[in-house]
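A.B. asks: According to TrEMBL:
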SIGNAL    1-19  signal peptide
DOMAIN    26-597  domain 'Neutral/alkaline non-lysosomal ceramidase N-terminal'
BINDING   H117, H226, E527, Y568  Zn(2+) binding site
ACT_SITE  S339  active site, nucleophile
DOMAIN    599-762  domain 'Neutral/alkaline non-lysosomal ceramidase C-terminal'
Amino acid sequence: MRVWTLLLLLLLLLLRSDAVHSDSEYLIGVGSYDITGPAADVNMMGYANAEQIASGVHFRLRARAFIVAQPEGNRVVFVNLDACMASQLVVIKVIERLKARYGDLYTEKNVAISGIHTHAGPGGYLQYVVYIVTSLGFVRQSFDVIVDGIVNSVVQAHENLRPGSIFVNKGELLDAGVNRSPSAYLNNPEAERSKYKYNVDKEMTLLKFVDDEWGPSGSFNWFATHGTSMSRTNSLISGDNKGAAARFMEDWFERKGSVRMDSVGFENDGIPRRISNIIPNVHDTYHKLLEIAASFQSPPGKPATKVSSVARRVRGVLRQVDKPKFVSAFCQSNCGDVSPNVLGAFCIDTKLPCDFNHSTCGGKNELCYGRGPGYPDEFESTRIIGERQFKKAVELFSGASEQIKGKVDFRHAFIDFSQLEVNLSKVGVSEVVKTCPAAMGFAFAAGTTDGPGAFDFKQGDDQGNPFWKLVRNLIKTPGKEQMDCQHPKPILLDTGEMKLPYDWAPSILPIQILRVGQFVILSVPGEFTTMAGRRLRDAVRTVLSGNKGFGSNIHVVIAGLTNTYSQYVTTYEEYEMQRYEGASTLYGPHTLSAYIQEFTKLARALISGQPVEPGPQPPDLLDKQISLLTPVVMDATPIGVKFGDCSSDVPKNSTFKRGDMVSVTFWSACPRNDLMTEGTFSLVEFLQGKTTWVSAYDDDDFCLRFKWSRPFKLSSHSKATIEWRIPQDATPGIYRIKHFGAAKGLLGSIRHFTGSSSAFVVA
């Protein structure tokens with residue numbers, strides 16, 4: 001009888017509902033770390049808008065990593081950043097630190113670092129001049145927090161390595177992206193276009209990681225849509241739609257077993273909440289709640305410890321101490337011409353659709369803007385596009401059944417794209433062409449419908465104009481050979497040949513293939529358009545499918561903006577149209593053909609087991625970086641006021657309803673003094689019992705916004721406004737809002753402080 005009891009218990013363990021069990025042949029580990037960066041004074045990376053300066057936090061940014069290793073063999077690392085793109089200099093320094101810690105276990109060959117392409121993160125962390133002009137040069141604080149976050153996420157994943165299995169699933173997501181340059185797409189051959197149902201890729205591909213002991217431990221998916229739901233005027237740090245989707249899914253998983261949900265695991269509005277799990281229902285009468293709340297009036301600001309904001313964070317409350325944290329990443333793919341502003345592009349003056357070929361309104365690009373599904377509310381558009389990706393990911397995650405099996409392998413090479421010979425083979429004809437030194441065309445300055453440029457530039461310009469050519473020539477006049485090479489692109493900035501004070505654009509680029517069984521990641525250092533990505537995937541798949549070691553069911557994904565950044569890659573036909581993407585294809589009309597040539601070489605080496613030439617090393621320009629960003633000199637408050645005091649409190653005896661906005665303003669200090677990494681600037685607390693305040697919402701929550709401001713640029717006085725849009729499922733009871741900050745003294749000392757609002761009732 002005892003034997004049968006033991007067998008029954010063993011069977012129950014094997015049939016746990018939250019895990020898919022099978023014979024595992026891998027060690028898997030996941031990790032995640034805060035990379036939010038400076039939330040003040042720093043220009044945001046993406047739109048190249050010098051006036052878009054960070055001044056608060058919408059929600060925090062993270063680096064998320066997974067490692068897959070064969071116990072006695074190879075391993076690969078993939079890191080997904082809530083950042084605009086990867087940086088070559090960041091990769092160089094991350095690899096140096098990983099080598100110092102682990103030797104040759106993790107190198108540039110088997111580590112991929114990819115950006116989600118949010119346009120709402122701090123800039124200044126890339127090493128080439130053209131990408132840090134608007135941030136007033138290099139921003140060491142932005143750079144350091146990203147390097148630290150990547151390393152910490154990889155260390156976490158390494159330390160979490162345990163036997164486990166991987167499953168893959170894919171499916172269509174139809175309403176999260178549209179083509180923002182359809183006229184360029186239509187220039188591709190009709191026979192090629194007819195093979196595809198849509199003019200953007202609609203497929204999401206997801207990996208599900210399952211720990212043998214704990215069950216599901218993470219998921220990473222690849223789907224193409226731009227991180228431009230937040231506009232070029234937004235000043236709050238945000239992971240945009242992909243960062244939001246990651247938050248939603250991680251919260252969903254942490255709670256999915258503890259509240260009643262529908263068949264795919266959602267609550268009524270589709271976004272998971274933690275609050276009902278943390279806070280018990282309150283049965284006190286309304287008048288009793290008001291009486292208790294009135295006894296908690298706003299106290300003076302007070303000193304705090306450096307770790308206080310970390311200790312009060314909400315996430316982690318529900319997680320078992322020994323269980324690895326579930327990590328979900330929404331990775332970028334070939335998003336070059338894909339916009340999340342799915343309602344289309346309209347003129348802000350006439351409300352009519354923009355010109356089809358040039359995306360202008362009466363000849364002006366500045367008036368043409370894409371509309372997201374929450375128009376005119378960019379925060380709502382971000383939520384909706386994030387939620388759509390999240391829901392599809394949960395569906396794929398829940399249904400993932402195809403197991404990944406086979407070798408772990410990788411190939412990597414550095415390629416000089418400035419003068420690379422490319423063999424073009426057409427029917428009966430072979431031709432050798434070359435790529436060009438980097439250059440940006442006139443249409444680059446026109447921007448896109450996601451973020452229009454200024455002046456009289458327009459997309460589709462293959463001529464340029466005399467005035468801007470004169471301005472260009474004052475900086476650097478391109479030679480005839482370069483102009484012929486880049487034709488039909490009229491060159492606005494000859495960045496590949498501009499070397500003062502140091503390189504303006506990269507010439508040596510990393511390309512990389514990571515293999516885990518039948519799953520293959522193509523790491524590309526730029527933004528491939530839809531058709532460019534399709535051609536690259538098909539070319540690599542053709543090479544790999546001829547090898548029996550892969551089988552017939554090969555999954556090939558493109559990981560965009562990986563390992564460095566070199567702008568766009570269009571097809572030859574799209575390049576001819578010189579829309580924004582073509583004008584931003586740096587290395588000339590044969591750039592895509594060069595990528596296809598070099599990636600097929602890597603693919604052949606992968607299946608043959610042969611090494612590849614490493615290629616020329618990219619430069620390390622850290623010592624040459626220039627920063628013109630003014631440092632924080634000191635912080636101060638008016639006489640009689642303390643840091644953390646309320647400048648504007650909630651009204652006395654306040655009662656709010658779900659859906660209301662609660663706003664509190666504190667006397668504060670510059671957020672650059674302490675980034676509150678893995679901590680929070682803002683907190684909503686709930687009163688449990690009569691005296692215990694429980695953390696309920698923090699910087700990571702979509703409903704809470706931290707806004708920082710000073711009366712003028714060099715003022716030592718500043719304020720922090722915390723806005724809380726009360727969720728529809730918020731538990732009724734007594735709440736208050738807290739702020740954490742750090743002030744810099746005249747002699748450079750840092751003093752941490754905290755402040756609290758008066759208590760109020762949510763009925």
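Yeah, the Cβs are placed from backbone N, Cα and C, and that goes for glycine too.
What TrEMBL says about a protein is an automatic prediction, not a curated fact.
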A.B. asks: In angstrom units, rounded to an integer, how far apart are the Cα atoms of H226 (Zn(2+) binding site) and the residue listed as 'active site, nucleophile'?
C.D. replies: 5
A.B. asks: Roughly how many Å separate the Cα of E527 (Zn(2+) binding site) from that of S339 (active site, nucleophile), to the nearest whole number?
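C.D. replies: Just about 13 Å between their Cα atoms.
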A.B. asks: Please list, in sequence order, the residues in the chain of H117 (Zn(2+) binding site) that are at least six apart in sequence and whose C-beta is under 8 Å away from its C-beta.
C.D. replies: G46, C84, M85, H226, G227, D240, K242, Q332, C335, E527, G560, L561
A.B. asks: Expressed to the nearest Å, what is the distance separating Y568 (Zn(2+) binding site) and the residue listed as 'active site, nucleophile' at their Cα atoms?
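C.D. replies: Cα to Cα, Y568 (Zn(2+) binding site) and the residue listed as 'active site, nucleophile' are separated by 14 Å.
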A.B. asks: Near the residue listed as 'active site, nucleophile', which residues of its own chain have a C-beta under 8 A away, given they sit six or more steps off in sequence?
C.D. replies: G177, V178, N179, R180, T225, H226, T228, G370, T448, T449, D450
A.B. asks: Within the same chain, and leaving aside H117, H226, E527, Y568, name every residue whose CB is within 8 angstroms of the centroid of the CB atoms belonging to the recorded Zn(2+) site, in sequence order.
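C.D. replies: These residues sit around the Zn(2+) site: Q332, C335, G336, V338, G526, G560, L561.
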A.B. asks: If I take every residue in the domain 'Neutral/alkaline non-lysosomal ceramidase N-terminal' (26-597) and average their pLDDT values, what number comes out?
C.D. replies: 93
